[in-house]
Amino acid sequence: MKAIIVLLMVVTSNADRICTGITSSNSPHVVKTATQGEVNVTGVIPLTTTPTKSHFANLKGTKTRGKLCPNCLNCTDLDVALARPKCMGTIPSAKASILHEVKPVTSGCFPIMHDRTKIRQLPNLLRGYENIKLSTRNVINAERAPGGPYIIGTSGSCPNVTNGNGFFATMAWAVPKDNKTATNPLTVEVPYICTKGEDQITVWGFHSDNAIQMVKLYGDSKPQKFTSSANGVTTHYVSQIGGFPNQTEDGGLPQSGRIVVDYMVQKPGKTGTIVYQRGVLLPQKVWCASGRSKVIKGSLPLIGEADCLHEKYGGLNKSKPYYTGEHAKAIGNCPIWVKTPLKLANGTKYRPPAKLLKERGFFGAIAGFLEGGWEGMIAGWHGYTSHGAHGVAVAADLKSTQEAINKITKNLNSLSELEVKNLQRLSGAMDELHNEILELDEKVDDLRADTISSQIELAVLLSNEGIINSEDEHLLALERKLKKMLGPSAVDIGNGCFETKHKCNQTCLDRIAAGTFNAGEFSLPTFDSLNITAASLNDDGLDNHTILLYYSTAASSLAVTLMIAIFIVYMVSRDNVSCSICL
């Protein structure tokens, strides 16, 4: 009997366990799926980040425009857009621009009534073009315009480069020279003079003052009427007579009068018209602008470079496809805003160790990824583990791993394509704006962002569902492959594990991973079949009757012993016999 017990122990100690699985981290992760809700998985790829505020920067790979004219000192962007005498410099080309002035006004030049027109949008309009250039010649001869002759007015509050009286180069202040009388509406045509098919931005306006000054300058104290028309857009104005504060809004020299400034955009070959009375500011030099430059609200100076410029966070370097936090407009290679953090599954469903101990025993629980990962392998790799007297061996199955990587890469690419499409959708409306400020309405933009966020979240849920199902399929395929290779040399004990009838060290496991495994190379003597061999009995003085007597005596004794044991167990179960054991 002792020999049989020893034999059973040897068989047990030589049995190794081989399991299929996926390497993972030491703790489960949670992902959301479309139909299963939250699922614990062995690995994840974070898709979102939460940025922190930083300074604005130059956009990588593009020229970024801060001020319209960096070399124009002490000039606002509106000064540059109106061509104030001391603010006429070169505007560099740029594919991205920073709207850095909250309330653009002129500095120390003739006071403008900003609220009467869309003049504040003029610098923003110019920022929206990649190339901007002021014409070298005037669009009309102001001195000989209808209602003239005129003298061109200047102002001491708008000094030129020699500190003499001056005025904006984009407009001519037409003051009647001799005929200072009231006039009926007059019309002047504004030709297209740009030479390279650019948009022509024509600036014009009118001056108004108190009644005394109106009579002195123009011979008429009544409100004057003005109209501009270009590309089917017509605008009407009536001047205000008097009532202006002495101190100007711009902080310049005290003025009793004000000017109203507007602009019109003329497409190639299109003529504009201006209908006017007294006090008109006739157009002179025009802006010729082409190309597109994306505009975003920000601040100066621009420090360093960044992948993305975000109105709330400044310069960002893109590390993830999506971000959470505060939503706002952004330009460049930017992550897309989503409401909640997103994770993409990178593994199978996680099974806790406690469950495995119950189902597979101690050795089964510690084998494979299910206990928290394999040492020495890259997270997410498919393969096999072997546990036995040799310790733990690990081997990767390259084909299965590559298939899983391809599946996850495909899902990431799909999400990336969705990201690009949504970015194009967001920026498309901005690119189409030509005559308006290049800003999307906040409410419309937020609504669109919410919709896109929901679409992305759904796409991630569906991707997680597909990845988890695909990973499970890969593991099942790996398990079937292992079972086929092991054949009768192993017993399937469930959950992707097999108990082998031979040792399986690192060499054995590498053969399995390579598909060249041969059980015969690693097998020990087995006890799968009962071998019966003939035996010869030698005559040692015992005859056949004596031998039969010994056997019958032993058999009878064994039978009696078993009957007594059965009787005692039966009586104990009926409570007819009590048994006490004392040491």
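In case you wondered, yes, glycine gets a Cβ from its N, Cα and C as well.
Per Swiss-Prot, the feature signal peptide maps to 1-15.
Residues or ranges marked as topological domain 'Extracellular' by Swiss-Prot on the basis of sequence analysis: 16-551.
As annotated by Swiss-Prot, N-linked glycosylation site applies to Asn40 (among others), with the evidence given as sequence analysis.
Per Swiss-Prot, N-linked glycosylation site is recorded for Asn74 (among others). Reduced to three states, the DSSP call for Asn74 (N-linked glycosylation site) is coil.
Every protein chain shown contributes to the tally, and the Cβ of Cys75 (disulfide bond) ends up with 21 other Cβ atoms within 10 Å. Per Swiss-Prot, disulfide bond is recorded for Cys75-Cys87 (among others).
As annotated by Swiss-Prot, disulfide bond applies to Cys109-Cys158 (among others), with the evidence given as sequence analysis.
The N-linked glycosylation site annotation in Swiss-Prot covers Asn160 (among others). Under the three-state DSSP scheme, Asn160 (N-linked glycosylation site) falls in the coil class. Other Cβ atoms within 10 Å of the Cβ of Asn160 (N-linked glycosylation site) number 15 in total over all chains.
Look at Swiss-Prot and you will find Asn179 (among others) tagged as N-linked glycosylation site, backed by sequence analysis. Neighbour count (other Cβ atoms within 10 Å of the Cβ, all protein chains): 12 for Asn179 (N-linked glycosylation site).
Residues or ranges marked as N-linked glycosylation site in Swiss-Prot: Asn246 (among others).
A sphere of 10 angstroms centred on the C-beta of Asn317 (N-linked glycosylation site) encloses 14 other C-beta atoms. The N-linked glycosylation site annotation in Swiss-Prot covers Asn317 (among others).
Asn346 (N-linked glycosylation site): 24 other CB atoms within 10 A of its CB, across all protein chains. The N-linked glycosylation site annotation in Swiss-Prot covers Asn346 (among others), and the record cites sequence analysis as its basis.
The disulfide bond annotation in Swiss-Prot covers Cys504-Cys508 (among others) and is backed by sequence analysis. Neighbour density for Cys504 (disulfide bond): within 10 A of its CB lie 28 other CB atoms from the protein chains shown.
For Asn505 (N-linked glycosylation site), the count of additional Cβ atoms within 10 Å of its Cβ stands at 15 [all protein chains shown]. Following the DSSP three-state reduction, the secondary structure of Asn505 (N-linked glycosylation site) is coil. Residues annotated as N-linked glycosylation site in Swiss-Prot, with sequence analysis given as evidence: Asn505 (among others).
If you look up Swiss-Prot, you'll see Asn531 (among others) marked as N-linked glycosylation site.
Residues annotated as N-linked glycosylation site in Swiss-Prot, with sequence analysis given as evidence: Asn544 (among others).
The transmembrane segment annotation in Swiss-Prot covers 552-572.
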Cα-Cα separation of Cys508 (disulfide bond) and Asn346 (N-linked glycosylation site), in Å?
28
Cys109 (disulfide bond) to Asn505 (N-linked glycosylation site): how many Å between their Cα atoms?
88
Whole-number Å distance between the CA of Cys504 (disulfide bond) and the CA of Asn346 (N-linked glycosylation site)?
29
